[in-house]
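Following: one structure in structure tokens, then a few remarks.
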Amino acid sequence: MFTYDVAIIGAGAGGLNTAMEAISMGKKVVLVDKYKPGGECTWAGCIPSKALIQLADEIHAAKKYANIEVDGKQIMSKVRQLIEKAHQAEAVEQLQAAGIEYIQGDAKINDQHSIRVAHETITAEKIVIATGSRALIPSIKGINQVNYLTNENVFQLEDLPNNLIVVGGGPIGVELTQAFQRLGVQVKLVEMADRILFREEKGLAQQLQGTLEEEGVQLYTSAKALEVKQANCTTTLTIDRNDVLEHIEAEQILFALGRKPNIKKIGLDDLGIRYTNKGIEVNEYNETSVRNIYAVGDVVGPYLFSHMAGFQAKQAMRHAFLEMHTPIEQHPAWCTFTHPELARTGMTENEAREKFQDKFNVYTVSYSELDRAVVDQKTTGEAKIICDQDGFIIGASILGERACELLGELQLMKTFHIPFHKLKDTIHPYPSYSEILTQLSNAAVE
């Protein structure tokens, strides 16, 4: 007999969702983490970044009508207050009330049915690894001699810097760049590719890049970071830009270059659990190469989102305890929470062309064609839908106001294989941003 039905290592999005899913099945659950529950999402990712973004957006809007002096200390204090408020829903007391036993400490897997925490051995029928990921730090000259920021410590700043270098033009870097710029920090954004968000629709990413530049962000694209130095409260980054060396200075430097999985010191090698530098290898049910041991969330990838961790958690527990042997088809969707937002599911147009050549259809509508966007003075943006020859959505990207919410309707159609043209018979309120979906579906019929 085992002490628990499932033992979970890691109390971030993956671990918390796994625990709640198992509890809903009537299982006995123990959740182990070296820190407080919440993981990267609560303490250094989704929650704090969105809190900062919201405060920045409010101040940016207010500046249209009044001269506002930003109190950096108050802003950062408010962000931390909001983090603590969001954490209450997943505090240890709440987990215990739900029937989950929580143990704070380092855990290591012993075998297929046991883990070790300090000097205690815990047995369970199933084990789930949900150890998450951490910020990727570049191996550039001088990196070990400077005090740099990542998303893991930037929200602990007591005050806002006057200026900031952000290295990395992916979602995290771009979100933080715009937020800090709107709060009065002069941001210098460095990106190795020729544009920001290079994995997204090129035209939409370029529109967003234009918005950042209009707001005062200094952009350095096609730039490779070579060396970083710190002296007299000034950080200097040397970059190679088109074979020309440039030196960029600021008070602080923040690296937003992606994530790496937390796979060290948890017993993977001892058990022969297969993994790469990208994460633990799992099958379509999120089971590892060792039976009865599952892995979910950032430690698996490839989509490092809290909602994907939740999806994987459900899939793992349903396979583990309900003997569901038909894998659920994955339709990942994501959003970059800039202003305007950039949301996406499925393929870009270039990806569709690589797979289908010219055997697909593209429908686009500009936000400038929406009455609501016109009166709100938020006409920057465009929606693009890509359908196969049978009329099913294979990709959708939206840049614009409320893009993330608008994507939900398209995500539903894509997931359940509903032909896109059927959306034309759905009545959307006027005037609303959702009218853009009606216009797109009308174009698909014409």
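From the backbone N, Cα and C atoms, a Cβ is placed for every residue, glycine too.
TrEMBL lists GLY168, GLY169, GLY170, PRO171, ILE172, GLY173, VAL174, GLU175, GLU191 as NAD(+)-binding residues, and of the candidates GLY105, GLY132, GLY142, GLY258 the one it assigns to that same site is GLY258. Of the listed cysteines (CYS41, CYS233), only CYS41 is recorded by TrEMBL as the disulfide partner of CYS46. Neighbour density around each Cβ, counted as other Cβ atoms within 10 Å, peaks among the binding-site residues GLU191, ASP298 at ASP298. Taken residue by residue with DSSP, SER133 (FAD binding site) is part of a strand. With the fewest other Cβ atoms inside 10 Å of its Cβ, the least crowded of the recorded positions CYS46, ILE172, VAL174 in this structure is CYS46. Assigned with DSSP, the residues of the domain 'Pyridine nucleotide-disulphide oxidoreductase dimerisation' (333-439) fall into helix, strand and coil as follows: 41 helix, 32 strand, 34 coil. Here the candidates are the recorded positions CYS46, GLY168, GLY170, VAL174. The one whose C-alpha lies nearest to that of SER133 (FAD binding site) is CYS46.
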